[in-house]
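Q: Got a structure here, written out as C-alpha cells. Questions coming.
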Amino acid sequence: MKRKLIAAIGVAGMLVSIAACGDDGDDKKKSGADGFKGETLTLWAMDGSTPDQWTKDVKAEFEKKTGAKLKLEVQQWNGIQQKLTAALSEENPPDVFEIGNTQTAAYAKSGGLADLSDLKESVGSDWTESINKSTVVDGKQYAAPWFVLNRVVLYNKKVWADAGIKKTPKTRDEFYAALKKIGQKTDAEPIYLPGQNWYHFVGLVIGEGGELVKKDGDKYVSNLDDPKVAKAAETYKKFQALSKAPKNKDEATPQQAEVFAKGKTGAFIGMSWEAATAVKANKKIEKDIGYFTIPGPTADKPEGVFLGGSNLAVAATSKKQELAKEFLKIALSDKFEGQLAKESGVIPNKKALESNLKGNAAAEAAAPAASGGGITPLIPEWAAVENEPNPIKGYLTAVMNGDSPADAAKKVEGEFNKRLSQKQ
Amino acid sequence: MTVQTERPPSGPPEVVKSGGGRNGAPRTPRARAGALAPYLLLLPALVATLVFLGWPLVNNGILSFQNLNMRQVILHLTEWNGIDNYKEVLKSEDFWRVTGRSIVFTAINVVLIMVLGTLIGLLLAKLGSKMRRLLLFGLVLAWAMPVIAGTTVYQWLFAQRYGVVNWVLAKIGFSSMADYDWFGGQYSTFFVIITLIVWQSIPFVAINLYAATTTIPKELYEAASLDGAGAWKQFTSVTLPFLRPFLYATTFLEVIWVFKALAQVYAINKGGPDRLTEILPVYAYIEGSGNQHYGMGSAIAMLTIIIMLFLTAYHLRIVLKQEEDA
Amino acid sequence: MKRSWFGRVWPNVIAVILFIGFVFPVYWMFATAFKPTGDIISEDPVWIPFNFTFEHFKTAVDADHFGQMVINSVTVTVLAVVFSLVLGLFSAFALARMRFKGRRGFIIGFMLAQMAPWEVMVISIYMIVRDAEMLNSLVPLTLFYMVMVLPFTILTLRGFVAAVPRELEESAMVDGCTRMQAFRRVILPLLAPGLMSTSLFGFITAWNEFPIALLLNKDAEAKTLPAWLPSFQTVYGDDWGATMAASSIFAIPILLLFVFLQRRAVAGLTDGAVKG
C-alpha cells in the first residue's frame, strides 16, 4: 500500500519535472503585429506594483492585440538583486521585469538589460525628465520609467484631535511642536519612526541639498561626513527621539503601518499605500487616517523626499524582444499609465497624466514635495550599497544611539567605500 | 520508510549473547566471498556523492579564482584573477575576527547542546512512560519546527516591543527590561541566537541518546548491581562507556552543524548589529551572494571548509585510529 | 529498589519545565496562526487565542500554486529520503560487515562529505545546474538532497548494522537463508530504530532546505514549499498570522512522520535484541 503510494508520488514527480521543462520550448522568432500567437511573455513585477484591475485590463489588451499570453510573476523585494542576476543569466529569463530606479544603473552596466532607445523615441518623448533620469546610462535608454512615489505623513486624526491640534503643520517646527503636544496631552506615541528608515533620511539629505557620495579622482567615496548630511541626521534624530520605535530596525520590522493600526500612534512617515496595510490590520482605523506633506524648513518649501520608483526593463537575452516592446507600449500607454496612477496613487511617468491623482488624498499630499524630490546617486556602484548590511542604516543607528554624525560617518566609511569601489 | 515494515518471522533465541559492543564481532571466512562485493555496495553512494557534492565543491574552488560579479554571472564571463580573492580575504581583519568568533560561538553552543542534551536524554530514560512520552513530544515539536518559522518566532519572542520575553521580564520585576532591545548589542543578539540554536539542537542529541541507552543490554546493569555498584557507579562503569562512541559522534555532528548555522544567525539579525554577530558562513554569504561578489564568496567558502577541517581534525584522527585498530 | 518521594518527583518536575520550554515557541506559532490579526501585535500578549479564527489558514492555503508546491515538496523529500536509505543501507552494510582495502578511506570520506557547507556552495550548485539546463526541475533538487543526507544515513546505519550481533545473522544462514535473506529477515528489522532516526533526519533536512531550492526553482510550477513560507511578508504588511499558519502546516508532516516512525521503532525494539 505504502509502496504504491510512493511509486505514485514518484511518477507524479517525474511528470511534474517533464511539464516544467516542456513549458519553455516555444520561443520561436516571430515578428509582426499578429505573429505572436502561442507565445508567452513572462513579466516579473514587484510585490505591490500591479493593482488588480490594472493587471487584468493590461493583460486583456495585450492578449487581444498580440495573440500571445502574459504570465505575471510577482516577486518579493527581499533578495531580489541576487535572484534577478541569476534569472538574467538563464536561457529563459523573465522577458520584461520591474527594476528599482536606484538599481537600474548597475544592471544596465552589467549587460543584462536590452537597449530601449527606439522605444523612448516612439512612445517616450514626453516622459518626465527627472523620472527618466534613472533609466539612462551612458546616453542609452536601458529601461522605461514606470512610476515614482514619495513619502508623506500619515496621521491619526483622532489622536490629533484629542491633543487639541486643529491644523496640520506646515513647517518642520510646527510639526515637532504638534508631536510634542501629542506626547504631553495623550497617551499615544507621537510618531512611530524607527532608526533605520533610510529612505526618509535620504529625503532629508536631499532637502538639505546634500549628497551621499562624492567623487574622489575617478571613483566615488562616502560623503556622509558632509555637514549637510550631518544636519539631515540631526533632524532625523530629533524626531526619532519622540518615538519608542527601535533604533536599529527599519520601517518594515515590525511593519510601521501595523503599529499605527493599533490607534495608539500619532503619525508615521510612509508611503500612501501603507494606509491599506493599516486598514487591513484594523478596519476601524480607516476613518481616522489623514495625510499631509512632510513639512520642511518653511511653509513654502516642503521637506526633501526620496523619489522611490520603478522602471520596466527588457532582458537582453530574452528571445521575445519584439513582443516585450509590444507589451511595454501597451502597459506604458497613456490609458494604462493613467489607470495605474489612479489605482495606486503613484506619480506617473508623464506630467500630463498627473491629473489622474485628483481626489486621491494621499497623492495630493505627496505631490507638493515631489518636485523637490530626488534619488540616490545614479551610479552603477550604488546598487551594492543597498545590500544588507546597508552602511547607511548603520550610520543612522549610530547617530540615534548618541554618536555624533561625524563619528558615525567615520564608523561606516570603510564599509561604504568598500561597496562603492567593489569590482564590477 | 518501506524497508522496515517486515518483521522477523520468529524471535531469534541467541540474541542475548551479544553485548560486546560495536567492534567486538570476530572475522568470519565469509568475508572473503566476493572481494568485489563491498565496492559494488559502496559504488552508488560513492558516485552520487562525487557527482553531486564533489563536483560543486570543485566548481566552487574554480570560482574562487575568478572575478565573478553580477556582470560576469549574467554574461557568462570567466575572468581569472588568480589568488586575488584569497589575498583580499586573508588580508582583511574582518575575516580573522569572524573566524575567531565562529570558533568561540561553535564551542559555546556545542558544549551547551551536548551537556544539556545528554542530561535530558538520561532524564528521558529515567522517566515513567507517560512523562517520557510528554517530554519526547515536546522535544520533537521543537525539532520539527521549520528553521525559518523558528527564527521568526524567536524574533518575536525577543522583540523590543510586543515581545513576550520582555513582557514577562517586566512582569516579574525587571521593569528595566520592559523595553530592552535584544538585537541592539552583540552579546544580547548572540544570547538570542544561542538560545535558538541550543533549543533546536537539543532534541536531536537527547532523543538519540535516549534511543542509545535503550540498546544498552540490561544484563550489563544486572551484572554491575550484582557486583554491588551503586547508581553513580553503574552510570560511570556501564552507561557512559557504552555511550562514549555515540557522544563522540554526536559532538562531531553538532560541531559541524553549529559551525554551518547560516540560516539561524542570518535570519535573526542579519549578522548585526554592525556586523558583530557574523560567523563564517554568514560572512561568506554577505560578501558573496549578498554583495554579488560571488568569486569572493567562493573563496571564503573554501577557507571555511579548511577551518572546519582543522576543528574536526581531532575527531577524524580518532576515527582513523579506531578503524585501524579494529 | 524503592526510591524516595523526592527521588520520584524531581524528574517529573524537570520534565514538565523542559516540556514547557521546548513547546512554548511551537505553541506560539500555532496560537498565532489562530489569532485574529489585531491580537497578534499586542501590548499585552494574548496567551490563548480565544477569538479563534481560521482566516490565516485560509490565506495560507489559498496562495497561488499551493497544491503544486505541496506535491513538489513531498516528491522531492520522499524520493530523496528513500534513495538515501537504500544507498545508505548498501554502504552501511559494506562498511560495518566487510573487510576490504580502502574501508577507512571510505569512512573518512563520508565524514568529510558530512561536513560539506552546502549553504555557501549555493552559487556553485546553481551554475552547474543552470549550465546543465536543469533549472526548474525536481530532479536536481532530489539528487542534491539525497546526497546531503546520505553521509549521515550511511554513518548512522553503519553503527546500527555493526550493533546487530553477527551470530544472529550466522544462525539465520545456518537455517538455510541466503545472505540476502538473512539480511532482510533478521538484520533489517533490528535496524528499525536506525532507519527511523535517519529517515526522520533526512526528511527534516530535505523538507526544510531553502537556499538551493529558492535559486534553482524559480518558476511558479516548480517551486517547493519553502518558497511559500516567506511569501506572506509583503510590502502590504507582514501577514504574521498567515506566515505562522503556513509554518504550522509546514511543520505538521514532520510531526506526523515522527509519531508514525516512533511506533514502528518501538515495535522494532521490543521485537528485537534488546528485550531478549
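Note: Cβ is positioned from N, Cα and C throughout, glycine not excepted.
Unlike curated entries, TrEMBL annotations are predicted automatically.
In case it's useful when we look at the structure, here is the feature table from TrEMBL:
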- C:70-261: domain 'ABC transmembrane type-1' (DOMAIN)
- C:12-30: transmembrane segment (TRANSMEM)
- C:74-95: transmembrane segment (TRANSMEM)
- C:107-129: transmembrane segment (TRANSMEM)
- C:141-165: transmembrane segment (TRANSMEM)
- C:186-207: transmembrane segment (TRANSMEM)
- C:240-261: transmembrane segment (TRANSMEM)
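Walk me through the surroundings of each of these features.
A: Long-range contacts of the transmembrane segment (C:74-95) within its own chain (CB-CB distance under 8 A, at least 6 residues past either end) are made by residues 103, 106-107, 110, 138, 141-143, 145-150, 153-158, 160-161, 183, 191, 195, 198-199, 202-203, 206-207, 224, 253.
For the transmembrane segment (C:141-165), the residues of the chain that approach it from at least six positions outside its boundaries are 75-77, 79-81, 83-85, 87-89, 91-93, 95-97, 107, 110-111, 113-114, 116, 118, 125, 186-187, 190-191, 193-195, 197-198, 201-202, 205-206, 209, 212-213, 216-217, 224, 273, judged by C-beta separation under 8 angstroms.
Long-range contacts of the transmembrane segment (C:240-261) within the same chain, counting only residues at least 6 positions beyond its ends with a Cβ under 8 Å from a Cβ of the stretch, are 26, 29-30, 32-33, 35-37, 40-41, 55-57, 59-61, 63, 74, 196, 199-200, 203-204, 207, 225, 228-233.
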Q: Residue list, the transmembrane segment (C:107-129) vs rest of chain: Cβ under 8 Å, 6 or more residues beyond ends.
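A: Contacts of the transmembrane segment (C:107-129) (Cβ under 8 Å, skipping residues fewer than 6 from its ends): 91, 95, 135, 140, 144, 147-148, 150-152, 154-155, 158, 209, 211-212, 215-216.
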Q: Near the transmembrane segment (C:12-30), which residues from the same chain, at least 6 beyond its ends, have a CB less than 8 A from one of its CBs?
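A: Residues packing against the transmembrane segment (C:12-30) from afar: 244, 247-248, 251.
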